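If you check TrEMBL, you get these features:
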{"type": "DISULFID", "residues": "927-954", "note": "disulfide bond"}
{"type": "DOMAIN", "residues": "24-177", "note": "domain 'F5/8 type C'"}
{"type": "DOMAIN", "residues": "183-364", "note": "domain 'Laminin G'"}
{"type": "DOMAIN", "residues": "369-543", "note": "domain 'Laminin G'"}
{"type": "DOMAIN", "residues": "545-582", "note": "domain 'EGF-like'"}
{"type": "DOMAIN", "residues": "581-633", "note": "domain 'Fibrinogen C-terminal'"}
{"type": "DOMAIN", "residues": "790-954", "note": "domain 'Laminin G'"}
{"type": "DOMAIN", "residues": "955-993", "note": "domain 'EGF-like'"}
{"type": "DOMAIN", "residues": "1006-1204", "note": "domain 'Laminin G'"}
{"type": "SIGNAL", "residues": "1-23", "note": "signal peptide"}
{"type": "TRANSMEM", "residues": "1247-1268", "note": "transmembrane segment"}
């Protein structure tokens, strides 16, 4: 929308210009006249001439007269050639040659210009004094088109570099045309009132132009206002131009229309500056010296209402008393126009009242100021009185540097130094007559702000006075121990040591003027002519100060600071980084954080990277396969709707912690968005009938009203129950529309993302007696990042994607991901003679970035320590800005180079962009995704669909991101990414890192059964069921058992694995809390046991156990201690035959069981936490705790999900000599069978009888628990009639939603979300219906 408004504004401005200045436009289109060739010999002057025939008058292009061009007497940097064009001209180009048939030519030069041969101004481009590229021989012609025309009478050509085997030599031509306009001189009193044709006007568009020239830093250039409070004002403040506009504010203050924009600086330089103000409604283009700022005014009004007149040069008398004494403009103006009327011409024709002028003149008076420009190697020496007892020096200066020498003079006995120190004026008086004494005084602060500041030092008799900026009240006085006696020589800007060294001391960079010595103004023109004083590397009669912070190249609110030579950006607090605060510190989405291995939490995201949208904080939920981005709002759940306003409706505003632009950046790139809404009612209707006027509506994005509710869709004025035909009253389409006295609710998900989020809900039926309503608006939730996974595959080295040209700003950034197995390939390039840009892979381990800056070509390279053609994703980021260029690889390896100061032209269009190589080079083979240039994502997939040799999408994400799948999780390829399959692990979560554990109460057990081989074919679906792993019984020669536990009770059985034979394995805690592993694989009279009786593990701390057996070798690891190795006896079998079941916490099984387990460890059972339980690929505890997993698992007793085993106890590692787990070192010999030694104490028969009775009682209790749980599950279930498609839909609304792609999964996800919300949220306290 803003693009079209801008275009309309520009068209209207163009029409105005054409209609008012058609003749001038015709001339400007033909502004190609030769300006120098027709001039007489006398119009050319120079600093000197080498000999007769080398005079300046011979410096005309292609001329052979005389010596065939100009050459100066000395070949150094003090030479110049000047052309007097006779009158002000518009110069648009320059062409140069060397001196005819010689070795004399100029290879680099600068241009200066002036209207009066005074106060010269350098030609600037890209914020620098521009260095022109000249000639490389004597005959070739090099022409340069000026980016901005020069308006001046005098042009100076300044040689900077030349052929070192010859001399300075030049012939030149200037191209342009005549320029004439009326000039009016303003004296600070007179103003020009332009009266409108009617008393009041209501203006929807304005075009105002003018040029001004001044030495004053403050003054009103333009002002107009109306009685309703509207106004427009243009004024200078501290040499900066400020435009203020107010299109209207209301009396209550809720609409504030005041808008102020500032542009430029150092505008008191006595040079011409052009201003153009273009307004259409609230859109404004504010242009100063070819730099345009576009902005929209505040408020909601479009017209500028002005009364009677608009004034140029100051404020009308009637306005001044209320404006705080703002100064009128003092200087010159020309080219003043207002909406097509030439104000200057009206003044000349006496159509305008100019009675306020004391003396109206149509010329611009020359300034009396004479500036001196110092660089780091400059000084100016002036004479003064010697042997005087009074020292008086004053001057004005302007600089950006905080330190520098202003003046130095030697006294008869000592010296005086005036300088800048950290922005303060400091005076150091050194006295050496009797004893060395140093007197220091200082005044002022922040004087390195680029403004003119005055300094006056006066020392007489026995005291000194320092005054800064004429403020006599703050004059600093100090006593001097002796009487001053001057030496007569004064150095300004720098000085040399007394020895013959050329070391400059504390040089000053900046400008000085109004230099007074001994209370007399120094005649700097006499200095220029060599009559008095001397100087070195000083530019006289000019001040080439440049404000490098205007325009501000620090982006995103970065704060610009500068010295004389450079600027720097402070990016702290902006959310961006880099030399110009261009690069975002944050990732573009939650999706990108996930693939960096981050977990759920609150994150800052920046969807458009370096674009204008600021970073903002969101909640990232990564617990599911989908990554959800959540934006919360201010509305609490079940917010009561207050009483209606006068119109009978109550409006609830929903605010978010982000702007509309930020919300749009999330939803536009997301694959799916949803927002839960719920309307809880009692006698408060919601939507009425589909044909009736709705009582309630909600407002979404773009301020549009919507009349559908959660679970429905656009154009369907129904609730979810109306779609599914299960409303409380079948005559209505919402539960609340039944208007019942009992509490009802209509809830569901809004999923049409272009309408989201909800910003306002207007409730229209709460004003009746007994009507009540409560509103819930959930957070906006979105998943998917289509920009991040926008990928293509290049299958041929000759294939490429072609995109039209893109705009290169002062800063240009490019980023993308790639993966390849190829060694070489061009990622992207543009083909053209200018603005070259090229990124390629070389040698399989290096990325090269080359580009043009002006006439120079730069190349950066980054070499990776690992191969880049490894088939994994790698990221490339490049940036070039006005200060530096950078190339970064995989966020770590980086090269940065400073860019040349010239050539950063704004708003250049690059030629067509090619992703891949189209110039015959070896193209890229592999995958590329997420290509962004200047915050704009390129649709690679869309272009690939119509391009041969390039396919949309890319497979093989697991090769890069598979390492994120932990704990045995399997990486699964997807079209736009990957997921981790955790089904064969004991873990859950997007990366298989979330523990699954449970707390076992007394008597709780989990049983997992392996199916008999014969029955495996009857349950084929179990083979693919998560968590089942090995669905049938099998013989094992290798098993790995892992689990974690924590308990404070002993004894107990932790894990028991049974078989259909006599084989078993058990892990138990004995009475003293020590661990025992029991193996019985056949061939032995007693089970083989591994006892660890040096540590009590029933200490309430989490412990992890890993038991791995391969044939007869058993390896045991507890927590982080070293692994201990054990070997089964020779007589033992190696096969674990026909595994039947896994028991956790307690054994409950018929058949022959090791009586030791039953008698000593099975009662009362394990009490504590178990987690991460996994036997090979079987996770029994996970199968028991995850609903919906089809697995042969059962639970008896109370099992509560818990993450109690999330992390094992961390204990400092023991030395191997004292480590009880290091058997060889400790020399411990563990009992082979502890229970055999105590077998005489056990009555086996009694134990068997007691065990049978216990099992019977336990079985009965288990059956009762199972039946009760089954009944309660069915009692809490609910029934839905899900739409299966258009062919089975029983109404048109359901068919629309089923077939609309935007509403895929709407009904299902809505019902699930409502059910989950009802389960997880606190229950509502609803009044009971009586009767």
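Using N, Cα and C of the backbone, Cβ positions are placed for all residues, glycine too.
TrEMBL labels come from automatic prediction, so no person has curated them.
Remember, it's a predicted structure, so these values are computed and weren't measured experimentally.
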I need to check the long-range neighbours of the domain 'EGF-like' (545-582): which residues 6 or more away from its ends have a CB within less than 8 Å of a CB in the stretch? 124, 127-129, 240, 263-266, 269, 291, 373, 376, 398-401, 450, 509-511, 604, 606, 610, 614-615, 810-811, 813, 879, 881-884, 886
Secondary structure composition of the domain 'EGF-like' (545-582) [DSSP: H/G/I, E/B, coil]: 0 helix, 10 strand, 28 coil
Please give me the CB contact count at 10 A for residue 927 (disulfide bond), counting all chains in the structure. 23
Grab the pLDDT values for the domain 'Laminin G' (1006-1204) and give me their mean, rounded. 84
Cβ density check for residue 954 (disulfide bond), other Cβ within 10 Å (all protein chains) comes to 25
